[in-house]
Amino acid sequence: MVESMDTHDHNNSKKRALLVLNCILLTLGSCGGPMLGRLYFLHGGKRVWFSSCLLTASWPVILIPITINYYMQRRDSTPSSPTKPKLFSIKPPIFLAAAVIGVLTGLDDYLYAYGVARLPVSTSSLIIASQLAFTAGFAFLLVKQKFTSYSINAVFLLTIGAGVLALHTTNDRPNNESNKQYMLGFLMTLAAAVLYGFVLPLIELTYKNVKQKLTYSLVMEIQLVISFFATALCTIGMLINKDFQAIGREAKEYELGEAKYYVVVVVNSLTWQCFFMGSIGVIFCTSSLLSGILIAVLLPITEVLAVIFYSEKFQAEKGVSLALSIWGFVSYFYGEIKHSKTKEKEATQDNEMPQLSGRRSMIV
């Protein structure tokens, strides 16, 4: 009994550590990705399909942890082991599901990259926060997500906070950009939020329907397939738009210099891979709703970074949106802490009941 409890505690500790790691990756990607993506466009970058491809183009990096895990399993396996470790364990049905999600992700990447090309970072980040409402709705429909009054309040506040930006949006329109271009960027970013709000619960649904043991190694394989197909879709777009022929010329004309152009491109791609690994890792450890909430509540950091580094305007609408977002963040995690304490209290009472009944029987 004690040994099983120790094993359970050990597994919980490992899962918490994994959750923390993925939250860090998600934070790096959520804050760094939009900043570097905007940096590409601010100093002479113009290729939207190329920018969207960068979001998942560093998928080969995922092969490193998958390979390390494979060799560690081989080292720990014995000749009497019932199954031999494999480099890839993903089965065809899961591969197909991940491929479909990958195509949807590639489309979402294009919608997002188009918005980033037209909007200030602070505005696009706050619009993306509206995806939480769509994540919550699709999570309810696809995975029967249970809601508390605190989580409902958080979703409501974060969604309203993003919606406030629709008021007087053209006040922060970049120079040399028409109202039509700005509004199209706004709508494309909103469409990206809707689509990714659907993708997150779809990933969780895929996890729930896995007909094999769901491990973090398998999660990485799923992300590898998603990123590969997303990159393939964006690569087709680049071929049609003749982006490959333009990259060399664009690098030479880049305002920060040719070398820095490639640095921005590579670091941007790696940063976004951190985002995707972090988001699916959080789903693996908890739920798609928490992943969506973390993405939404990280926007205050992106807001501050955009104001500091890009001298973007911080109007009253953004201040209201920011306050509502922080309020929603506090509401959600207060509810989660309260819920976990209630569960711990109930578990303690359940453990004490057999002991009390045992003592009574001894007295009798």
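For all residues, glycine too, the Cβ spot is worked out from N, Cα and C.
Per TrEMBL, transmembrane segment is recorded for 48-72, 93-113, 125-143, 150-170, 182-203, 215-241, 261-285, 292-310. According to TrEMBL, the feature region 'Disordered' maps to 344-364.
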Candidates 48-72, 125-143, 215-241, 261-285; stretch with most C-beta pairs under 8 Å toward the transmembrane segment (93-113):
215-241
For the transmembrane segment (48-72), could you work out the same-chain residues 6 or more beyond its ends whose Cβ comes under 8 Å from its Cβ atoms?
33, 37, 40-41, 85-88, 105-106, 109-110, 112-114, 116-117, 217, 220-221, 223-224, 226-228, 230-231, 234-235, 237-238, 240-241, 243, 246-247, 265-266, 268-270, 272-273, 276-277
Can you name the far-off residues of the same chain, 6+ from the ends of the transmembrane segment (125-143), with a Cβ under 8 Å from a Cβ of it?
34, 112, 115, 119, 151, 155, 158-159, 161-163, 165, 186, 189-190, 192-194, 196-198, 200-202, 204-205, 208, 287-289, 291-293, 295-296, 299, 302-303, 306, 318, 321-322, 325
